[in-house]
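Q: According to TrEMBL, the record shows the following:
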type	residues	note
DOMAIN	6-92	domain 'Large ribosomal subunit protein bL25 L25'
DOMAIN	100-186	domain 'Large ribosomal subunit protein bL25 beta'
REGION	206-231	region 'Disordered'
Amino acid sequence: MTNYTIKAENRDIKGKKVQQLRDKGLIPAILYGHGLKNIDLSVNKNEFIKIFKQTGESNLVNLQINEDKPVKILIHKIQFDPVDDEIIHADFYQIREDEKIKTHFKVEFIGEAPAVKELGGIIVKNLDEIEIECLPKDLESIGKVVVDLSVLKNINEAIHVKDLALPNQIKILAEPDEVIVLVTLPQEEKVEEVKPVAEVEVVGEKKEEAAEGEVKDEKVDLEQKKENEKK
């Protein structure tokens, strides 16, 4: 893999004043590591974004502070502006060659599942990244975490973490039986049964008929009363 180098400078500006750096096209950053003192930095925003798009958070990068000798780091954490989604801060983790590190690799899905094409299933992705642990020198042996969907031939078939083929020196921290992706049938929408309008009207008509019947009964009672009075 290409060796990328991020160039940084020490910074004294902290707190809310770091907005001054952002206005100048810089990103405030911090460098830390096991047994190391934190160092406040600033990096060129455009140059950093170019490198970050290539490396992400799972590949080693060189960091050169001022004119010092470059050190190996991982881009450990990125903060984004909640409004415009622009990068506003970066955390760099300086690694030690003899110390294992934990990082996340994004899962790359390839191929097409026959269960989708032939049986009408849908793909449900449960994991889009995998956490691993290894020595820094072993990171390049991973390359990419690739999941081939073409093995999913039947409904309800799944690919699990234990199905991943990674080098032996790479320890996967996720549970072996955790599902990465599966094929399922689309959920059928429940259609609520609606009574015909005619049935509703009939109920009303029955009530009207009952009312009319009550009026007729009253007329019969009055006529009967008149006949009895004549007698």
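Glycine is treated like the rest: Cβ placed from N, Cα and C.
Curation plays no part in TrEMBL annotations; they are all automatic predictions.
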Q: Per DSSP, what is the residue tally for the domain 'Large ribosomal subunit protein bL25 L25' (6-92) in helix, strand and coil?
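A: For the domain 'Large ribosomal subunit protein bL25 L25' (6-92), the helix, strand and coil counts are 20 helix, 41 strand, 26 coil.
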Q: Looking only at the domain 'Large ribosomal subunit protein bL25 beta' (100-186), what are its DSSP counts of helix, strand and coil residues?
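A: Residue counts for the domain 'Large ribosomal subunit protein bL25 beta' (100-186) by secondary structure: 16 helix, 35 strand, 36 coil.
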Q: Restricting to the domain 'Large ribosomal subunit protein bL25 L25' (6-92), what is the model's mean pLDDT?
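A: Taking every residue of the domain 'Large ribosomal subunit protein bL25 L25' (6-92) together, the mean pLDDT is 95.
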